[in-house]
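Straight from TrEMBL, the features:
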| type | residues | note |
| --- | --- | --- |
| TRANSMEM | 83-102 | transmembrane segment |
| TRANSMEM | 114-138 | transmembrane segment |
| TRANSMEM | 201-221 | transmembrane segment |
| TRANSMEM | 250-273 | transmembrane segment |
| TRANSMEM | 285-308 | transmembrane segment |
| TRANSMEM | 315-333 | transmembrane segment |
| TRANSMEM | 339-363 | transmembrane segment |
| TRANSMEM | 383-405 | transmembrane segment |
| TRANSMEM | 425-447 | transmembrane segment |
Amino acid sequence: PHDDRPLPLWSKLCFAVGGAPYQITTNVIGFFLNIFLLEVAEIDPFYISIILFVGKAWDAITDPACGYFVNKTETRFGKMKPWIILTAPFACVSYFFLWYVPDLSETGKFGYYFAMYCIFQGLLSGLHVPYTSLTMYISNDQKERDSATSFRMVFEACGVLTGVIVQGKIIEKYRIAGQCADTSATASPESLRLQEESYRIGSYIVLAIYMVCACTVFLGVKEKEGVVDSTGNTDGYFKSLKIVFTYKPYLQAAAIFLFMSLAVAIVQGNIALYCTHSLKMGNKFTNFVIVLLVVSITAMPLWQLLLLRFGKKPVYAAGILIFIPILIAQLYLPADNEYLYYVIMGFAGLSISVSLLLPWSVLPDVLDLFMLETHTRKDAMFYSFYVFFNKLASGIGLALSQVALSVGGYVTGACTQPESVDLTLRMLVVPGPVVCLLLALIFLWCYPINEDKRKAIKQEVLDTM
């Protein structure tokens, strides 16, 4: 029998906490791995582009494979939770070694970081694919799932803020390149050692949070029996892939998420270098990001109210539209204009808030529609590719950025960069992301589930129970 009681607050909170590890690690990597590999490990930008892109492309195998095996899992602890708790320690170990600089040649370092990055991304799939799929297993009430998702987004945003403050403030003291506006310093072996140590200290704190959150989900969340019908999970792997990639509403929702994530990833991966070499305010980078994240967190309740009032599609569109002029402004922003950039980052936070909240709010609607049309559920497979699209966007964005920096004349290990790097960074954070956002808007316009359709789906799901 179905349990129609509302989810207790503590259960929603225990579920929500589980979203933090993925967001903390991926955003710390998104903001800081780029500059760590360039400035501390001193790897050529072309090598970095290969590491970041192939590491994400590797998820084309690990994410759907994880989704497939999660779908097949049956234990007394549930389908999802064993994956979350068992992969966590191994993910933490690989994350730690991602911030270690081995005493190897540049080619050796390339091989080392390539391996560590792929291993970590694969293990992260073991947390995030089952965790996001768990959304469909905590309640049969769409309203309760949306409520739990809202709590999750707040915790994820708080997690990102915590990760950026911890990592950013620790490395800020030792980052030579952050002082490029005031000095022509170059990195000595001792300064490189101190910078590496600061990154590692930040990783200790991130990993402690990761393990606490994974344990909280495992111990505090109950996978409800009968919420998701397990029939239809006997299909083979490739048949499941065909089902996923031929379901049009899902592909449209995934395309919106992919292009919006790609826009965010390109900006995120270059914002530290943009602040350092274009705005000449590298030492203020962490403060700028903190403003962006604080605004994104505080705006979430407002977006949630607007979502209830106007529906998901209009709010999604508003968040995308706000981001476009903010990006264009960065093309013309003069150097050393600190207060104006704080304002720009504040408005950007409004859009980032939507990018955190809406993609994960629309997916359960698509999965319910799929269930009504096919009488089967493939939630883990659908969620695994949704996660993959997000990772793919990040990999493409960071890889293209490194190729552009290499072409633009970026000098590894140097503090002061050629003027061509300033233009390259400004072009990176504006035209490409704007095109991605326009593509996201086109797919959103085609997306078939408006508010009336969503309510009809909700009622039909309730009628089938």
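Just so you know, glycine gets a Cβ as well, placed from its N, Cα and C.
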- Message: Against the transmembrane segment (250-273), which of these stretches has the most C-beta pairs under 8 Å: 83-102, 339-363, 383-405, 425-447?
- Response: 425-447
- Message: Need a quick answer: max count of Cβ pairs under 8 Å to the transmembrane segment (425-447), which of 83-102, 114-138, 315-333, 339-363, 383-405 is it?
- Response: 315-333
- Would you kindly check 83-102, 285-308, 315-333 and say which stretch has the most C-beta pairs under 8 angstroms to the transmembrane segment (114-138)? 83-102
